[in-house]
Amino acid sequence: EDPTIIFLRRHRSASLLPPEFTYEELATSTNHFDPKRKIGDGGFGSVYLGHLHDGRLVAVKYLHKHNSSATAKGFSKKSFCNEILILSSINHPNLVKLHGYCSDPRGLILVYDYVPNGTLSDHLHGGKQSIYRRGSLNWSTRVEIAYQTAAAVEYLHFSVIPPVVHRDVTSSNIFIDGEMRVKVGDFGLSRLLECSETTTGPQGTPGYLDPDYYSSFRLNEKSDIYSFGVVLLELITGMRAVDQTRELREMTLADLVVPKIQMGLLHQVVDPVLVVDVVAMEGVNAVAELAFRCLAADKDDRPDAREVVVELRRLMGRPRGGGGGF
């Protein structure tokens, strides 16, 4: 029997695992992984639009198809199992749902909700190939996206036992559906947190990675908060987390914006489409203060996800207790 399946069943009872698809089923659903059906490239593989025989539209992520190195394959298999074990144990309206998987000698494949409206990165940054126009999100939509993302992170940190550290909270992993609701995805790097473990192998995304990691080699819940702080800066500025056209000391967005917040010069970097909206600018300043706290160099000075949700709910004028995604 497939060792990957044996591993999964050892860690999760078969009744809790999502359905297993055959390779042929998924090949048929994607027209044999037709390049025209490709809808994205994640950290660990290509994503295709699939059409299952029962009519469901799904996103089909094909891992390490073109990577022959043993290390990359080993890491892909680990991230594949990670994603299945984590996503089969969680359920939240602002997290992508895993519909099933396929472990086959020809490839490791994950099947998710198809979230049809691109990522937050697409909406904020556009791009040559993008159908999205940079700066098209108004401020209230940006705060709602921040709130729903924080609600998903709060759920992972406080409602799942043991807690889950996502480890890769970025604007490219925040998917947006047709109603502009958030679905946080890409759990390939995530870990069910068993005590604070030292980590090896690829970690996080440049520009979003907790600077504490470089000295401690540990990622924990506060590392997700740091990454979320960078996403808040993207929402405020419309700029990318890393931009190699900026000068070296301002290449990461945190290095560019945090000093501006400290010096009262935030207006220099706020997204131009927001500057003209006086009411929005009050909210922008408050969210910048929250981002500043999330990006504290000392992780103990950062708020936890619950505090972030409470603060964003306050900024939105919402009563306590409403969940994300509604």
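Glycine is treated like the rest: Cβ placed from N, Cα and C.
According to TrEMBL, the protein carries these features:
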type    : residues : note
DOMAIN  : 33-316   : domain 'Protein kinase'
BINDING : K61      : ATP binding site
Would you mind checking how many other C-beta atoms are within 10 angstroms of the C-beta on the residue listed as 'ATP binding site'?
26
Return the average pLDDT for the domain 'Protein kinase' (33-316) as a whole number.
87
